[in-house]
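J.: Among the features that TrEMBL reports, region 'Disordered' is placed at 1-30, 486-516. Annotation comment: TrEMBL describes 8-17, 495-506 as compositional bias 'Basic and acidic residues'. What TrEMBL records for 40-67, 79-100, 120-138, 150-167, 187-211, 231-251, 291-311, 323-340, 352-370, 382-402, 453-472 is transmembrane segment.
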Amino acid sequence: MSTNNQTDPKKGDDQKRAVQLNQVPPLPGDEGKMSDSLKWFAFVSYGVGHVLNDLVASMWFTYALVFYHYVMQLSSINAGAVVLVGQLTDAVATAAIGVLSDNANIYCTDRYGRRKTWHLFGSVLVFISLPFAFSPPILPQVESSELNTALYYCFFIVFFQIGWASIENSHMALASDLTPIRDERTALLSIRYSFTVFANILVYVVTYIVLRSNNASKTQFGPSERKEFQIVILVIMIVGAMTTIIFHIGVREPLINNRVNRQLLMTETEAERAANSVWSMFKSFTLYQTAVVYMCSRITVNMTLVFLPMYLQDFLKLEAEKLALLPLIMFVSSFCMSLLNKPMNMKLGRKYTYSFGVMLSLGSAFWCYIGEGDTFSKYQIYAVTIIIGIACSVVLVTSQALTTDFIGDRTHRGAFTFGLMSFTDKVCNGAVVMAVQSLHCNSCPSYYRDVMVYNWTIPSCLAFIAVISLPYGGRPRLVVQEVPETHSGGNQHAEQSKKHSIEKGQEALPSNVVKS
């Protein structure tokens, strides 16, 4: 009896490790498990937890250059510099918050949840600073010079980008904390993207209504649209506050996962501890492949939002209301596609699904390049935006799913991993915006058309090469996993777990993903 009592704790640790690595449902009585965390309300609550960020991102990527260049009358270079400052701040903050979110064990964070605490911190910063970033300066003397105006906006942009990074990093890492099962993580990312599309649609609908009600629909953007931007920001603040409250009420972060991770790390050998360390990731070539896929996917999506309004206004010469209507149509198509992302990933696998998105992106680029004349600007442009909306949905969700696959069971470094991925995409996004604005040619009518074509081709091709060379992400396969027998009812539970995994078609993540 004494011998059995001594070995029981070790068996318990082995069983918990098997639950994490083999994705078998925990035994009844365990706390913080996915079956309790993902009730339907918690599932929806997780999805709305990023709505505030999505609303802000829609305004930032779609209308930042429009607001600072056309409304506030900053030069192309200064407007690009303001966006670059925001992107660099976001990149540094995302990486730093990723490290703190994974390693800072403060009493309040351990009680409330590390991810939710950082999410709340970021939400407060966004609510405080965002209104100032998209409103005329509160001090009239700020507009006495263009440099003062640019510095004024940079000041508030730094704070709201730190808050934005905190929300994004914590929310993405929480998907890995909530479940170790690949298909459930994909479902979480799909519901998250569905609400992302909803948030973007809301921004464009509100902008469209505001522009029409203020008789701005027949003109292009200019200084007279300052009031319209303030109305849109007010709507964003109200909706963002409601969804943030729902997230913090409905999602229960599985705190037991944090404690189990620390307990398992304490029992590891030196070799295992070295393999589990954050720095060991940099020895894995898969990290860099995944980073390229994530970065290129984000560039495709974000730069489409940034330069599509410029392309519509400068090249196609469309009226202001179309700058809200066409992005709205794009995100409606993205929303419809988001409903198919999970089944496509389950049936086809990550690689085939991502390749489908790449083909759509290249097709949109070709159509945009050859399209010209009234027929294209009045009719065909709608088809182009629908196709690119579908492509953006596919590549973004699949790249995020590939990142969670790379994290595997190493959730103790999940926030750092997402922070690292986000760091690369934010730096590149900022560099692209600054380069495009610096090289802007006033005498080149097709400048922004060429920018859109390059944005849909170069990142897509790079990401495609990285995806097809990944050691994981192929067609899913059924696996049968068994839990080590630890008590008299062990065989019965193992049979139930086996049946459960076959019925759901879950795929255990490959060992080369969860180990560096």
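Glycine is no exception: its Cβ is also placed from the backbone N, Cα and C atoms.
It should be emphasised that the depicted structure is a prediction, and the values quoted were computed from it without experimental measurement.
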J.: Please work out whether the transmembrane segment (231-251) lies in contact with the transmembrane segment (323-340), by counting C-beta pairs under 8 angstroms that are 6 or more apart in sequence and asking whether there are at least 3.
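T.: Contact absent: fewer than 3 Cβ pairs fall under 8 Å.
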J.: Return the stretch with the most CB pairs under 8 A relative to the transmembrane segment (120-138), choosing among 40-67, 150-167, 291-311, 323-340, 453-472.
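T.: If we count Cβ pairs closer than 8 Å to the transmembrane segment (120-138), 150-167 scores highest.
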J.: Mind checking which residues reach the transmembrane segment (352-370)? Cβ under 8 Å, same chain, six or more beyond either end.
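T.: The answer is 293, 300, 341, 344-345, 380, 383-384, 387-388, 390-395, 398-399, 402, 449, 452-453, 456-457, 460-461, 463-464, 467-468, 473, 475.
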J.: Answer with yes or no whether the transmembrane segment (291-311) touches the transmembrane segment (453-472) by the criterion of at least three Cβ pairs under 8 A, sequence separation 6 or more.
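T.: Between the transmembrane segment (291-311) and the transmembrane segment (453-472), which are separate recorded stretches, there is contact, as judged by 3 or more close Cβ pairs.
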J.: Could you check if the transmembrane segment (291-311) is in contact with the transmembrane segment (40-67), meaning 3+ Cβ pairs under 8 Å among residue pairs at least 6 apart in sequence?
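T.: Contact criterion met.
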J.: Select the range from 40-67, 79-100, 150-167, 323-340 that forms the most Cβ-Cβ pairs under 8 Å with the transmembrane segment (187-211).
T.: 40-67
